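Copied over from TrEMBL:
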{"type": "DOMAIN", "residues": "B:529-555", "note": "domain '4Fe-4S ferredoxin-type'"}
{"type": "BINDING", "residues": "B:CYS538, B:CYS541, B:CYS544, B:CYS576", "note": "[4Fe-4S] cluster 1 binding site"}
{"type": "BINDING", "residues": "B:CYS549, B:CYS566, B:CYS569, B:CYS572", "note": "[4Fe-4S] cluster 2 binding site"}
{"type": "DOMAIN", "residues": "B:557-586", "note": "domain '4Fe-4S ferredoxin-type'"}
Amino acid sequence: MLKSIDVLMVGVGGQGTILASRVLAQAAQAAGYDIKVSEIHGMAQRGGSVVTQVRLGEKVYSPLIVKGGADVLLAFEKLEALRLLSYLKKDGVLIVNDQAIDPVPVLVGAAEYPPDIPEYLCTTVPGTLVFDATEIAGRCGTAKAANVVLLGAMARRLPIERAIWEKALAERVPAKLLEVNQAAFAAGYELG
Amino acid sequence: MKELLSGNAAIARGAYEFGVTVAAAYPGTPSTEILENLVLYPGVYAEWAPNEKVAMEVGIGASLGGARALVAMKHVGVNVAADPLMTFSYTGVNAGFVLVSTDDPGMHSSQNEQDNRHYARFAKMPLLEPSDSQEAKDMVGLALDLSERFDTPVMLRTTTRVSHSQSLVEIQEPQPRKLKNYLKDIKKNLMLPTYARPRRVALEKSLTGLKEYSEESPVNRIEWRDRSLGVITSGISYQYVRDVLPNASVLKLGFTNPLPEQLIRSFAAGVQKLIVVEELEPFIEEQVRAMGLALAAEGFIPYTGELDPGILAAALINAGIITSREGIAQNGYNLEEAPPVPARPPVLCPGCSHRGVFYALRRLKLNVSGDIGCYTLGGLPPLEAMDSNICMGASIGVAHGIGKANPALDARTVAVIGDSTFLHSGITGLLDVVYNKGHATVIILDNRTTAMTGHQHHPGTGRTLAGEQAPAVNMEALVRVLGVNRVRVIDPLNLAETEAAIAEELAASEPSVIIADKPCALLTKATRPAVRVQAEKCTGCRICTRIGCPAISIKDKRALVDAAVCTGCNLCLQVCREGALVKGEEKHA
């Protein structure tokens, strides 16, 4: 019996959450899971929040994860981690990119970006993994691969073999960018 | 072989596998990807029509011409297409015809959340409701078969969660299929009263046949489990029911117009308690009640917004159907102490050509009737330069009406409409202004694409859906030929020119059109050097933040331009009164 796993990926338009969710889905399919992926297009393209929901299991019904039901919350931006935290199950896994992208109300001074998000998250959710994926990706060749660094960090914590992940990555990433993305995935995977 | 496909991609795959060779649509979330996927298959002709009514008419023609046809649109698109649809159900088809309506409960990207199942009933046509991608694909085939068997157009109705969620789909190769012969049959297809009256009778007869079919349809099935609770459900709601009430018996309806009355009665007789679970309108529930069947709870699910397993569980608890959220998790964190989270609203992109127009409209304090597209975001803070927004193409008629109601308002009222929207249904509005001697000032925000839905082509872009070159309409000439004498083209990122043009056209006592001509910033990849801030000149007045540009912020009471985001459109320079913002320097090789 395959354990059912609900993954919520959250970020800001343009951060590569969609690609990351595609790689996860592909790896899960190869590992024999039934899958449902849900994403919202449209307004999200104009700088809004992006939320992708991936559900894995023997048989998956609803494409939507309930509040308090996510096994993993993978946040590409820390404010979005905070926004969607109510979806994470107690004892769920929280992985956060320590990157801030100011929303327009913050840019124009109408709202404040909370100063201490990582501290709050780490106190509230024991075992939270916070790191600067953008910086790590930069060292691998391009800051744009931050999504794959995060994916690597999550992959380590899911019951799918590393070789299956790597094959899924190779199938989803364009050939000329594969080497950089493989390095980014490995860097994330080895974060522990 | 199984592939992970969105509901929309699965519908396209189904159309390909089941022999659709002609398809038409106007892009609209959440329907857009159906044709974008379908056009990629060999042997399929797929086009963007200027609006849904035209798409519908092309599909009708294809069916008459002997080809299986698919027409796709978002829920509000069916309002536009309703005119031909209502009569098409009288004539019926030659080759199979399926109308895909993608509804948007929760209004993720829409101006209302109408439940288009009512359209199927209204038009007296069969209705299919898939609950995942596999069903979406299979039901395209079923719809086409039913269309030919019962001589009727068929509606395939999805919701955002079916269209935009992905699940595994069995992929098959298409079967070879021949075109049908064109049928010359005026008694069937020429709807003037003497021929239409017998068709009206034939339609009722066809509905009787469809009702019989509904009773035996494989997509209407009973899943017996614990008989203490029975749930009648359809579409995506089925999936939520399976999560929240894993042990309940379920009557899963895939074919929902006309409903299978006998099947519903026998299901009801087999359970102790009966309820209906559906999203948006009580479409099934009201008909079940009209059958005289007793429901254990009525109207207990909210009629507004998108349903999800959490909302369903709460509703079931409230109605006393269940006592706890047994089937689903409820084990979250208590976040009462969490810091406040600022909103992240969608904004006009950096370098967006609409920004200058909205800034000017705001400065001039005008009444602005708006329309559907990216530029509707000009109505949100900080620009807030739009007063109304009803439906595709409404801006011009609304501005005209305001002027007719109170001529004093004419000189302070403008309509703003995008290029794709103008070609969709703005042309007739403008024609009305000219004909009825209005004075409306219309700004066509011409960014040469259908930007909101992801840059689809239209009759003004010079390309088809398939990417082939096509004649591009000359917007200025088109407007002139409608009878508008005052037409001018401006650069919307030149604020002085934009303001002067708007002021002059408002003063004119005849219809006028300003074409704000600049391609979408996401289409033109070449950006100019980023704007620089001369910190010593910046007084921290924040005027530059009023244009709502994601590249500009205030740090330590000084303007800050993010060079990685700035496209060098230089609009902010024109707003700054201190000269603190300057053009970036061109790099010379």
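Quick reminder: no glycine exception, Cβ is built from N, Cα and C everywhere.
Curation does not apply to TrEMBL; its annotations are automatic.
Here the features listed in TrEMBL are placed on the structure.
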{"residue": "B:CYS538", "record": "[4Fe-4S] cluster 1 binding site", "Cβ within 10 Å": "20"}
{"residue": "B:CYS541", "record": "[4Fe-4S] cluster 1 binding site", "Cβ within 10 Å": "15"}
{"residue": "B:CYS544", "record": "[4Fe-4S] cluster 1 binding site", "Cβ within 10 Å": "26"}
{"residue": "B:CYS549", "record": "[4Fe-4S] cluster 2 binding site", "Cβ within 10 Å": "30"}
{"residue": "B:CYS566", "record": "[4Fe-4S] cluster 2 binding site", "Cβ within 10 Å": "23"}
{"residue": "B:CYS569", "record": "[4Fe-4S] cluster 2 binding site", "Cβ within 10 Å": "23"}
{"residue": "B:CYS572", "record": "[4Fe-4S] cluster 2 binding site", "Cβ within 10 Å": "24"}
{"residue": "B:CYS576", "record": "[4Fe-4S] cluster 1 binding site", "Cβ within 10 Å": "20"}
Out of the binding-site residues listed (B:CYS538, B:CYS541, B:CYS544), which are within 10 Å of B:CYS572 ([4Fe-4S] cluster 2 binding site), Cα to Cα? B:CYS544
Which whole-number value in Å describes the distance between the Cα atoms of B:CYS544 ([4Fe-4S] cluster 1 binding site) and B:CYS566 ([4Fe-4S] cluster 2 binding site)? 13
Going by DSSP, give the three-state secondary structure for B:CYS572 ([4Fe-4S] cluster 2 binding site). helix
For B:CYS549 ([4Fe-4S] cluster 2 binding site), identify the closest of the binding-site residues B:CYS538, B:CYS541, B:CYS576, judging by Cα separation. B:CYS576
What's the CA-CA gap between B:CYS576 ([4Fe-4S] cluster 1 binding site) and B:CYS569 ([4Fe-4S] cluster 2 binding site) in angstrom, rounded? 14
Using the alpha carbons only, what distance in Å do you get between B:CYS566 ([4Fe-4S] cluster 2 binding site) and B:CYS541 ([4Fe-4S] cluster 1 binding site) once rounded? 20
Compute the C-alpha separation of B:CYS538 ([4Fe-4S] cluster 1 binding site) from B:CYS569 ([4Fe-4S] cluster 2 binding site), stating it in Å without decimals. 19
Excluding B:CYS538, B:CYS541, B:CYS544, B:CYS576 themselves, the [4Fe-4S] cluster 1 site's Cβ centre has within 8 Å the residues B:THR539, B:GLY540, B:ARG542, B:ILE543, B:ALA559, B:CYS572, B:VAL575, B:ARG577, B:GLU578, B:ALA580, B:LEU581
Around the [4Fe-4S] cluster 2 site (B:CYS549, B:CYS566, B:CYS569, B:CYS572), what further same-chain residues have their C-beta within 8 angstroms of the site's C-beta centre? B:PRO350, B:GLY351, B:VAL531, B:ILE547, B:ALA551, B:ILE552, B:VAL561, B:THR567, B:GLY568, B:ASN570, B:LEU571
Could you give me the DSSP helix, strand and coil counts for the domain '4Fe-4S ferredoxin-type' (B:529-555)? 5 helix, 6 strand, 16 coil
Using the alpha carbons only, what distance in Å do you get between B:CYS541 ([4Fe-4S] cluster 1 binding site) and B:CYS569 ([4Fe-4S] cluster 2 binding site) once rounded? 21
Using DSSP, would you call B:CYS566 ([4Fe-4S] cluster 2 binding site) helix, strand or coil? coil
